[in-house]
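Written below as structure tokens is the structure these notes are about.
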Number of protein chains: 2
Amino acid sequence: MERVTVTLGERSYPITIEAGLFNHPASFEPLRAGDKALLVTNDSIAPLYLDVVRHSLEKLGVNVDTAILPDGEKYKTLSVMDQVFTKLLQGNHGRDTTLIALGGGVIGDLTGFAAASYQRGVRFIQVPTTLLSQVDSSVGGKTAVNHPLGKNMIGAFYQPAAVVIDIDCLKTLPARELSSGLAEVIKYGIILDADLFDWLEQNIDALLALDVQAMGYCIRRCCEIKAQVVAADEREGGVRALLNLGHTFGHAIEAEMGYGNWLHGEAVSAGMVMAAETSRLLGQFSQSDVDRIKRLLARANLPVNGPESMKPEAYLPHMLRDKKTLAGELRLVLPTAIGQSEVRGGIAHEVVLSGISHCLI
Amino acid sequence: MERVTVTLGERSYPITIEAGLFNHPASFEPLRAGDKALLVTNDSIAPLYLDVVRHSLEKLGVNVDTAILPDGEKYKTLSVMDQVFTKLLQGNHGRDTTLIALGGGVIGDLTGFAAASYQRGVRFIQVPTTLLSQVDSSVGGKTAVNHPLGKNMIGAFYQPAAVVIDIDCLKTLPARELSSGLAEVIKYGIILDADLFDWLEQNIDALLALDVQAMGYCIRRCCEIKAQVVAADEREGGVRALLNLGHTFGHAIEAEMGYGNWLHGEAVSAGMVMAAETSRLLGQFSQSDVDRIKRLLARANLPVNGPESMKPEAYLPHMLRDKKTLAGELRLVLPTAIGQSEVRGGIAHEVVLSGISHCLI
């Protein structure tokens, strides 16, 4: 069993990583006999894992209600979140209830924000079932829903009480979603950890083949990096912003193409290449490192170009709504080497447009 | 000028109380030249105060957008809050924007929750225009919207950066709303301050006549009490719950009658008498003190009975959804003397029903 602690004073919490965790009632601590909980999941995950998780919770003595939401990024909205509140109120859930998010990033983000907001805050537990949510969105307390005019624009910083990662889940994950998760894994290597990037170049095939040992190491290492960054900068005043490498470009792709048509990791993958190209144009990143990044992403079956139908000019209006934008000035995360990156403002829009245009087919 | 500080470490903030504040740009600190802000108000307040406030902000050099919402408790919803987000996104407001709540409790609660949630949290300033919001809801950081199944069920603890109280506003406040505010004023006397209760018995007529000196003292004293309680217990783990005297009963009235048909303070007024009667039935509050409370409320033109059409049994389902309810057990704030009160659980439902039945015509 791999275990990582997110250190945030009295709001610290454990991340547990192992194959088969869903079968063990003890995996779901701090829940205990007599507690009440609402298990939130979606209609794709429910047939696969709802019964086993509910069974373990019931064995633990937890009184469990269930909310099954429609699957997909386009349902990460205020009005779908309102259905969770309705379920909680109909079931007379009090301030002492616990929300359990069983699913990928959409379920985790929405359930986390619901937990932050229900009666001004109740406990919640993240049970991420996709690689992307296991290595990224379930850790760190960023919760949100989307608005038609921008992704993740409405939310809260709200930490879970525990993160429970059962690696066995990945066996039922569609190949495209596995690759989408690898985009965030590769991101950690680019922004902060050259050794991880090297390791990924050696082990990407083992990860694609779901080798349990490689995957366990990979998830643990990513959670460690994320936990360190979050402990240093919970509310994204500084270093945490680096985790957004590729995301400003990627969000533009997701918004323009309609949420869910490009997977998040796919959009981030193309976005990371755009950031790398922009950095190269600024003279602070080498062509050979751009190529290394593109090669690794391609081996992970990820796109290294933006959508054919999307002109560079179509990116900017979305990018200017990015949360890192201050007083109308675009701020981008740019790699300065493999394993190093920085947040940079004041870049001329034409340079950004040129960076994007290097990533069109 | 009266000034009270809410002491919460680096989140401390000032409450400024004076007649004519809206005319002075300096009233709106910490806003300053070059800042961007969204002024949120409703269609009743806008014709009265929007121009003067906007003019002062523009004189200060603030770049101000405006969102005018429909007036009324029934619009304190997630979907109306979503209109505020749309306005913010359409105006390209970034994380460095400030939301200004110009209005009563509905505008303050909704705008505060919007500020807590927009891009996971932006600055906001409370500019309460009703007595109720000046003495209660604008101070302390409780923000929320309603759900069809319960009032204030969705929200956040989120402190403003400043509270700006212009007493002149009360001149345009309908008499019924002035009385509604006095219900919360009287509440402070009952739960924590026997001297204030005595003072109110002497000065209630001066307050109803909007005597500036009496009103200035009254608002300042209420803000002081609220600030002390909030500083001691921001998240309502203990003493802060006392501020809910009458509210569990009152929320049942509001929900059953339809939000906005009974004003909040009217429902709280009847609810406080119900709490006093329940406490008397438990042998811990005297009939003469019940009568003192009823007399003072009646002099403030407030109801001392629940709605005729509402049977005692109709209260309980709403009351069991109260946020103080833990594991299905009703917990009530009950006065133990004028100026003293406690939170108490484990009271038999028939005693509560009997307390309510003493307050039906």
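The count begins at 1 with the first shown residue.
Each Cβ is built from the backbone N, Cα and C atoms, and glycine gets one as well.
Of the residues A:H147, A:H247, TrEMBL places A:H247 in the same Zn(2+) site as A:E184, A:H264. Cα spacing between A:H264 (Zn(2+) binding site) and A:T172 (NAD(+) binding site): 19 Å, rounded to the nearest whole number. Over all protein chains present, the Cβ of A:T172 (NAD(+) binding site) has 13 other Cβ atoms lying within 10 Å. Taken together, the residues of the domain '3-dehydroquinate synthase N-terminal' (A:68-179) have an average pLDDT of 96.
For the recorded site, A:D71 (NAD(+) binding site), the DSSP three-state label reads coil. In the three-state DSSP classification, A:C169 (NAD(+) binding site) falls within a helix. The binding-site residues under consideration are A:D71, A:E184. Their Cβ neighbour counts within 10 Å are lowest for A:D71. For A:T130 (NAD(+) binding site), the same-chain residues lying six or more positions away in sequence with a CB closer than 8 A to its CB are A:G103, A:G104, A:G105, A:C169, A:L170, A:L173, A:E177, A:S180, A:G181. Sparsest Cβ environment among the binding-site residues A:K74, A:H247, A:H264 (other Cβ atoms counted within 10 Å): A:K74.
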